[in-house]
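For reference, TrEMBL has these:
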- 52-160: domain 'Ig-like' (DOMAIN)
- 166-260: domain 'Link' (DOMAIN)
- Cys212-Cys233: disulfide bond (DISULFID)
- 263-356: domain 'Link' (DOMAIN)
- Cys308-Cys329: disulfide bond (DISULFID)
Amino acid sequence: MRTQAPEGRDRAGLTPIMQGRISLPSLCHFLLPWAFATFHRALGDQAPHPGPHYLLPPIHEVIHSRRGATTTLPCVLGAPPPSYKVRWSKVEPGDLRETPILITNGLHARGYGPLGGRARMRRGHRLDASLVIAGVRLEDEGRYRCELINGIEDESVALTLRLEGVVFPYQPSRGRYQFNYYEAKQACEEQDGRLATYAQLYQAWTEGLDWCNAGWLLEGSVRYPVLTARAPCGGRGRPGIRSYGPRDRKRDRYDAFCFTSALSGHVFFVPGRLTLSEAHAACRRRGAMVAKVGHLYAAWKFSGLDQCDGGWLADGSVRFPITTPRPRCGGLPDPGVRSFGFPRPQQAAYGTYCYSE
């Protein structure tokens, strides 16, 4: 049995009607939403943007820089809310916390933590909330968040600061696989570097890094890059980044993969047949210090340092940088930093590499 709709409504009970005819206002109320929806579909806008959105999406989500440079992380408002704050923070690798850097209400800004002292707002215009970091350091690399807080609908954009640099494997004079995670981290810092991230190791692998010993990375995993697959290095399968996965940071022991970037000073070679103590004295006489391993790699990578002579470094190792490979300079076909290992400190047989600011 069919039920008749009450007078003045259709059977769905939704559309106002008048018996026998539809009024013009009712017709417009019915047709206009349909017309706008059709228009948006014709433009390719399948769904209207929900709610107000004030932050403009960044043109580039990855910002490239070098150590010592001044860099800008862009964050721009398309329109200002009536009242708001912008909070910048750094997403720490390996855990789920964020470290605050700076908070501003558009007029005044307050910095936080060690990075806050080197950070300021750019303020190129009244809608500019971009962050400027002066004197970029190795530890500044990573992921950042610009968050707009207006009390109604908070928004954020994420950016990644990536430093140009070089990854180098490192082991102490005692031999390979001596470091737990924390010792590896300290060793890299002592050699003017920091533990490399997986992304940095991957980039180094694409640029030719081939190393058969496993080493710690910043995230706490242990890996090694293989460019030429061979039996002692994980088998004869495809080249790539071999992984041991996450390991016990206190108990397990491996080498370290360190990362360093451009230098503010320069590295130079002092020839001679010196012991390690004589190498230190030779550098001091020139107003310099014996170079660290990271210094030598950075000079090779960014300054094209090419020297076919072994020289002492601060950790007691002897190395030399080759930009243009040749038979009598290590015999390898690729550029790189060659190593003589850790000779006896009293052995007077090498020059030294000095570093001066």
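Using the three backbone atoms N, Cα and C, a Cβ is placed for every residue, glycine included.
Caution: TrEMBL annotation is automatic and unverified by curators.
Sequence-distant contacts of Cys308 (disulfide bond), defined by Cβ-Cβ distance under 8 angstroms and a gap of at least six in the same chain, are Phe320, Ile322, Arg326, Arg328, Cys329. A simple way to gauge crowding: the CB of Cys212 (disulfide bond) has 15 other CB atoms within 10 angstroms, across all the protein chains here. Residues in the domain 'Link' (263-356) partition by DSSP class (helix H, G, I; strand E, B; coil) as 21 helix, 29 strand, 44 coil. Looking only at the domain 'Link' (166-260), the predicted model's pLDDT averages out at 94.
Take the CB of Cys329 (disulfide bond) and look out to 10 A: across all protein chains shown you find 17 other CB atoms.
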